[in-house]
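**Q** There's a structure below that I have some questions on.
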Amino acid sequence: MTNIRKTHPLMKIINNAFIDLPTPSNISSWWNFGSLLGLCLIMQILTGLFLAMHYTPDTSTAFSSVAHICRDVNYGWFIRYLHANGASMFFICLYAHIGRGLYYGSYMFQETWNIGVLLLLAVMATAFVGYVLPWGQMSFWGATVITNLLSAIPYIGTTLVEWIWGGFSVDKATLTRFFAFHFILPFIITALVAVHLLFLHETGSNNPTGIPSNMDMIPFHPYYTTKDILGALLLILTLLTLTLFTPDLLGDPDNYTPANPLSTPAHIKPEWYFLFAYAILRSIPNKLGGVLALLLSILILIFIPMLQTSKQRSMMFRPFSQLLFWTLIADLLTLTWIGGQPVEHPYIIMGQLASILYFLLILVLMPTVSLIENKLLKW
């Protein structure tokens, strides 16, 4: 009799995706982040669900309901900080996952890559609307500043902003709809994840060499399930350390002050994972130009497969491309740092130079260096 795992309609799907899936034998720990992202998503949905049981999406009670969760609900403080720091872990894994894709040429699986970019945008949207919910000063002013960017759109901008707000300023209607968005988006993300995996399993995984590995595959279980469990334990250890020792390390102290439309915080800034994009936005003196640069800083990922000029898929054997890749990472870290600094000399010019370098590296330098490396292959 055939194993039920291979015949039962539901078990068959799980089997083909996580058990008997043929996997390259040489994928490194950089391939762990996919499963870690799945773990983060499950964790965020569960902690978020328990928070939603006690949270009230109303301007008069939102802030105090979060305080109530932290003070009066059993382990409410723990659930709240797991959720807040879980978002940070989510983005760390997300950026590592994208970085892996860029380095090893995984973007050549175009459908998988494009769904991935869509997932990134959905996660960013979820994190943004979620940050508004505690209704602290940075929640309110972050929502005001970022939604206001849409007013830069010619002709329909102002109407669009007021439509999103549900009034003439960020108020009760805005908070209610942001809570609705924050609740529904993770489930949309889950559906997109299924499509992401569907497309990935059509082609199979890439590997560090970038060379097809069809002749050397091993089953996903037990080899990579074990490896994923190790990654998961390290992720949980990091998250618990962050949550139990320094829960507010990555947060903003301003968010412990209730939202006040009459008092603007000295420095309005988003959470750390958006700072690189915020720095790019601020480095352009024109409002519409800044918004376009902000959008392009993320959407540029869609064009990466079209900018592939190298004859080799992976950067494993391309030292010059590796140098540019790590320059890009350093540039993004610089932008992240500058995004958290006040708008004054020397940060303004540094931000502008870092922003120019970001686009220059992706659009010009990397494709050019790839062509030079192609020439060097003939030597």
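The backbone N, Cα and C atoms fix where each Cβ goes, and this holds for glycine too.
As annotated by Swiss-Prot, transmembrane segment applies to 33-53, 77-98, 113-133, 178-198, 226-246, 288-308, 320-340, 347-367. Look at Swiss-Prot and you will find His83, His182 tagged as heme b b562 binding site, backed by similarity to another entry. Look at Swiss-Prot and you will find His97, His196 tagged as heme b b566 binding site. Taken from Swiss-Prot, the feature ubiquinone binding site covers His201, and the record attributes it to similarity to another entry.
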**Q** Six or more residues out from either end of the transmembrane segment (320-340), which same-chain residues have a Cβ under 8 Å from its Cβ atoms?
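**A** Cβ under 8 Å, 6 or more out: 99, 102-103, 269-270, 272, 274-280, 282, 310, 347, 350-351, 354-355, 357-358, 361-362, 365-366, 369-370, 372-373.
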**Q** If one measures from the C-alpha of His196 (heme b b566 binding site) to the C-alpha of His182 (heme b b562 binding site), what distance in angstrom results, rounded to a whole number?
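**A** Answer for this pair: 21 Å between alpha carbons.
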**Q** Could you work out which of the binding-site residues (His83, His201) has its C-beta surrounded by the smallest number of other C-beta atoms within 10 A?
**A** His201
**Q** Could you tell me whether the transmembrane segment (226-246) and the transmembrane segment (178-198) have 3+ CB pairs under 8 A, leaving out pairs under 6 positions apart?
**A** no
**Q** Ranking 77-98, 113-133, 226-246 by Cβ pairs under 8 Å to the transmembrane segment (288-308), which is first?
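**A** Between the stretches 77-98, 113-133, 226-246, 113-133 has the largest tally.
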**Q** Which bits of the chain, at least 6 residues beyond where the transmembrane segment (347-367) starts or stops, bring a Cβ under 8 A of a Cβ in it?
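**A** Long-range Cβ neighbours of the transmembrane segment (347-367): 279-280, 282-284, 293, 296-297, 300, 304, 307-309, 321, 324-325, 327-328, 331-332, 334-335, 338-339, 341.
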**Q** Could you check which of the binding-site residues His83, His182, His201 is the closest Cα neighbour of His97 (heme b b566 binding site)?
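**A** Nearest by Cα distance to His97 (heme b b566 binding site): His201.
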**Q** List every residue in the same chain as His182 (heme b b562 binding site), at least 6 positions away in sequence, whose Cβ is under 8 Å from its Cβ.
**A** Gly48, Thr126, Val129, Gly130, Leu133
**Q** Using Cβ atoms and a strict cutoff of less than 8 Å, what residues sit near the transmembrane segment (113-133) while being 6 or more residues removed from its termini?
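**A** For the transmembrane segment (113-133), the sequence-distant neighbours (Cβ-Cβ under 8 Å, at least 6 residues beyond its ends) are 55, 57, 62, 66, 87, 90-91, 94, 97-98, 101, 106-107, 139-140, 142-143, 146, 174-175, 178-179, 181-182, 185-186, 188-189, 192-193, 195-196, 199, 270-271, 273-274, 298-299, 301-302, 304-305.
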